[in-house]
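Here's what Swiss-Prot has on this protein:
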type: BINDING; residues: Arg42; note: L-glutamate binding site
type: BINDING; residues: Ala76, Arg77, Trp102, Thr154, Asp174, Gln197, Asn239, Thr240; note: pyridoxal 5'-phosphate binding site
type: MOD_RES; residues: Lys198; note: N6-(pyridoxal phosphate)lysine
Amino acid sequence: MSKIYNFNPGPAMLPKEVLLEIKKNFLNWNNSGFSITEISHRSSSFIEFTIQVEKDLRNLLHIPENYNILFSHGGARGQFSAIPMNLIKKFKKPDYINSGYWSKCAAKEAKKYCEPNIINVKRYTKNKQKYIESPINWKITSKHTYLHYCPNETIEGIEIFEEPILLNKIIIGDFSSTILSRKINIKKYGMIYACAQKNIGPAGITIIIIRNDLLISCKKKIPSILDYQLLFKSKSMLNTPSIFSWYVSGLVFKWIKNLGGLNVIEKKNIKKAKILYKYLNSTNFYYNCILPSNQSRMNVTFNLYKNELTNFFIQESEKSGLYGLKGHSIIGGLRASIYNAMPIEGVKKLIQFMKNFEKKFG
């Protein structure tokens, strides 16, 4: 059977080394006689494992000691509610940057609990390619202390590489699709969060990295499962967590550490994205609509000039072992999600398929 490559935006591809480790331990984890799916979250062996998981993540992202790491349920959408519910007592009218679909979803959910000031980021076109204004030009209100934004919009393939520098501003970032793909200066943020199913592991666990002073100031009367203080006090085990997702996440952190950390991962991701965008720029059969300054390293969106061939392209790509290339239903087209676990061989195979398809139908 030929090698299969998963270009889905999530659940995404997992590293082969991690899959082999899962296979080895699935029926008998840590020589316990139990499957990892059966192990008690209260067992000393699993608690010891979670301590190492947190330590590895803290080292990978250089998380300062005055930040806490929480493991939660509900994905990023759960955090769209949890953030205003926990923090709005202190920050009554937050700012929400609208740079695309997911940041817009976060703002829409926040409206249920507060009156967010929505800042629509300006969009421009240059040589038929779109880009958005730099964070330094965002019209931020000085009186609103907490600012929420999403640095990578997966649907359109737009990434914001500049980190906002805002004095006296609590910055909260939805890093669901870009966490662990590049270096982040955690000190610039009051809180960041990410669902697992893109660069971390299987869906089922959500990572929250929150500064101590924000954790202390959280509201009290909110649903327990979304309460940051309760999550912290219970060591992220207020109820039975997603053991398997937590376990695989730990294996992924170890895999990144063994590769050499985020410096190595970021270089690999830059290289993968560079060769794919370079090919797209060299052809008159496909095109990408995003200016290089905002081209996502994780989600490469593109179209065929002969749009009527799009569905056939998807069918033929699957026959070649290339899955998940259909664009989001909102904008259509095509999308290759090339998260951390996607090897450069997968990107090269995609490019070769695209060249062959162009020869046949161009």
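Note that the numbers count up from 1, one per residue, in the order the chain is shown.
Cβ atoms here come from the backbone N, Cα and C positions, even for glycine.
Shown here: features listed in Swiss-Prot, placed on the structure.
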residue : record                              : CB count, 10 Å
Arg42   : L-glutamate binding site            : 9
Ala76   : pyridoxal 5'-phosphate binding site : 21
Arg77   : pyridoxal 5'-phosphate binding site : 15
Trp102  : pyridoxal 5'-phosphate binding site : 21
Thr154  : pyridoxal 5'-phosphate binding site : 24
Asp174  : pyridoxal 5'-phosphate binding site : 25
Gln197  : pyridoxal 5'-phosphate binding site : 24
Lys198  : N6-(pyridoxal phosphate)lysine      : 30
Asn239  : pyridoxal 5'-phosphate binding site : 9
Thr240  : pyridoxal 5'-phosphate binding site : 10
Proximal residue to the residue listed as 'N6-(pyridoxal phosphate)lysine' among binding-site residues Trp102, Thr154, Asn239 (C-alpha distance): Thr154
Integer Cα-Cα distance in angstrom, Thr240 (pyridoxal 5'-phosphate binding site) to the residue listed as 'L-glutamate binding site': 9
Between Arg42 (L-glutamate binding site) and Thr154 (pyridoxal 5'-phosphate binding site): CA-CA distance (Å): 36
For the residue listed as 'L-glutamate binding site', the one of Ala76, Arg77, Trp102, Asn239 that lies nearest, given that the binding-site residues are compared by Cα: Asn239
